[in-house]
Amino acid sequence: MVSTTPPTALSAGAVVPDTPAAPGGRRGSARRHWVGWFFILPFLVVFLAFLVAPLAYAGYLSLYTKGLATGTTFAGIDNYKRAFTDPSFLHGLWFVLKFSLVVIPLQVFVALAAALLLDEIVGRLARFARLIIFLPYAIPVVLGSLMWGFLYSPSFGPIEQISTLFNVQAPFLLSQGNIFYGLLNVVTWQWAGYYMIIIYAALQGIDTSIYEAARTDGATARQIAFRIKIPMITPALALILVFALIGTLQFFVEPKVLGPIANGTVTPDFTPNIYAVTLALQYAQFNYASAISFSLGFVVFLAVAIFMFVTRKRGSLFT
Amino acid sequence: MSDALKSRERRTPRHIWGKLLLLALICYFLVPVWWLLVASTKNAEGLFAGSGALWFRGGFHFFDNLHDLFAYNNGEFLTWLGNSVLYALTGGIGCTVISVLAGYGFAKFNFRGRNLVFAAVLGSVVVPLTSLVIPTFVLMTNIGLIDTIWAVILPSLLSPFAVYLMRVYAAASIPDELLDAARIDGAGELRTFFRVALPLMRPGVITVLLLSVVSTWNNFFLPLVMLSTSKLYPLTVGITLWTTLASSNNGGGQSLWNLIIVGSLVSIVPLVIAFLTLQKYWRGGLAVGSLK
């Protein structure tokens, strides 16, 4: 079923056009300025109150320390020095970086494969598959993680039972050694469908006459997929990779939810975000927690910048 | 005709592998949901029976479980459900109104400072939103809003991505000539917005509404940090509380797992229905999001 709403037609690479000021003379355009500000005003208030202000406040907090005897004193970059030498922070950071390097290619691979299949195959099965693959997006991450936690569980999950059937020792996917893979599966299941829909929408936006021309020239379906389709959707792929990178480095909900089931595998410093929340809410170390958050933000920013720099050389990713 | 048929037949084997792969994908993505459906019909014995986790057994106890779910601990699940609805509707609708106004403003008015502000909005997509939660917590504490519904609703109003989406949508769906014609006819800016622009943006508005309702409904990090009174919890935080209780075996152990399972099912049903019935809207909307 091809969507009939206008935006799909847009995906052929529309840009935000600069609206020329409407005719109406000087007075009219000066008035128009104020009307523009008026429309964005509510958003601007929310933006300042819940993005700019917290960010500035966190920056401020991170530069101070609070001692019981000494009170609040200016600490400069001491909190940051402490963060980047803190084994707990570095351990969590290492985990999310390692995790990103595996989970992002995996997710994008599943999403891309599914989208290419759905672009090629039409019919009831394909429509049904598209819905089911996207379904996890409508399920809260908390509950998605919980469901997989149940499936992993030795007491009521099927893994134990299937393993007994084959007479092998069941792997507990939330143990110290396996939780990496357990989480890998949960995250891929939760997000691959969302990425699939974005890639699929981009594929549907490609003018099909290109495929006809390629077929006339003797191109196979595989060649069309790899030489035409994938290169043409690189902007969508780049967008997904950036989203996935930002999301995965801030890893929080899945390990947090699986923590109680995992019998102590998820430590309070499992990921930088979990560590920051533990510091803030359990130990009331807001200054240091802010520094940890900022340090994480800095790493995210750096990772996105590196990614953009690397892909820029390939030319077409960000155009 | 026969040529077309032939080539179709030749192509069939390849599609069979593709279809098998699609079937495999369907199974993988459906397994947890299927398990949840099956498990919600079991009583504690059936759940811990140690065999047949993926099939019905030990009788049909779905309605017993449902009854227990809403009865447990003076019906706290119903309170959480109500809270989730409240947060999702107020946060989602508020966010949509704000984003639609801003998207229209950015797309259709060439005011001074527009590009600078919009660049800041786009840049903020890279800011890890979870890192904002802790300073927001401290700010909310300072102004005395911590542990109130406002601490969850107000930050939910912010969605730079929705503004971006609405700007692209407004730019593409509202012709400038139409706005100018309305102005020449003497319509004020607000009237032009409500009578001319808004009807044209309707599919985009519904997409943004659906996406923001979903993201508020699914939110966990923000309410977890902001709320400490369990009466104010949304479903996501409430069910996690039950999991912690059940894992540590303080809250009645085995019987609580049944409630968690049925509760999870009840929590996902409204959104799954919303997504299935409104799919032509969100598919279009997400297509806009994939633009660069």
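Cβ atoms are placed via backbone N, Cα and C, with glycine included.
Residues or ranges marked as domain 'ABC transmembrane type-1' in TrEMBL: A:93-307.
The region 'Disordered' feature in TrEMBL is assigned to A:1-24.
Per TrEMBL, the feature transmembrane segment maps to A:34-57 (among others).
Under the heading transmembrane segment, TrEMBL lists A:93-118 (among others).
The transmembrane segment feature in TrEMBL is assigned to A:130-151 (among others). Long-range Cβ contacts of the transmembrane segment (A:130-151) within its own chain (Cβ-Cβ under 8 Å, at least 6 residues beyond either end) map to 114, 118, 157-159, 174, 182, 185-186, 189-194, 196-197, 200, 253-254, 257-258, 261-262.
Counting same-chain residues at least six beyond the ends of the transmembrane segment (A:179-203), those with a Cβ under 8 angstroms from any Cβ of the stretch are 8, 11, 98-99, 102-103, 106-108, 110-112, 114-116, 118-119, 130, 133-137, 139, 141, 144-145, 148, 152, 173, 229, 232-233, 235-237, 239-240, 243-244, 247-248, 254-255, 258, 262, 265-266. What TrEMBL records for A:179-203 (among others) is transmembrane segment.
The transmembrane segment annotation in TrEMBL covers A:232-253 (among others).
Counting residues 6+ beyond its ends, the transmembrane segment (A:288-310) has Cβ neighbours under 8 Å at 58-59, 61-62, 65, 79-80, 82-84, 89, 93, 100, 241-242, 245-246, 249-250, 272-273, 275-277, 279-280, 318 in the same chain. Taken from TrEMBL, the feature transmembrane segment covers A:288-310 (among others).
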Cβ contacts under 8 Å made by the transmembrane segment (A:232-253) with residues that lie 6+ beyond its boundaries: 13, 96-97, 99-100, 103-104, 107-108, 111-112, 141-142, 145, 187, 191, 195, 198-199, 201-203, 206, 271-274, 277, 296, 299-300, 303-304, 307-308, 311, 314, 316-319
Same-chain residues near the transmembrane segment (A:93-118), Cβ under 8 Å, at least 6 residues beyond its ends: 126, 129-130, 133, 180, 183-184, 187-188, 191-193, 195-200, 203, 225, 229-230, 237, 240-241, 244-245, 248-251, 270-272, 296, 299, 303
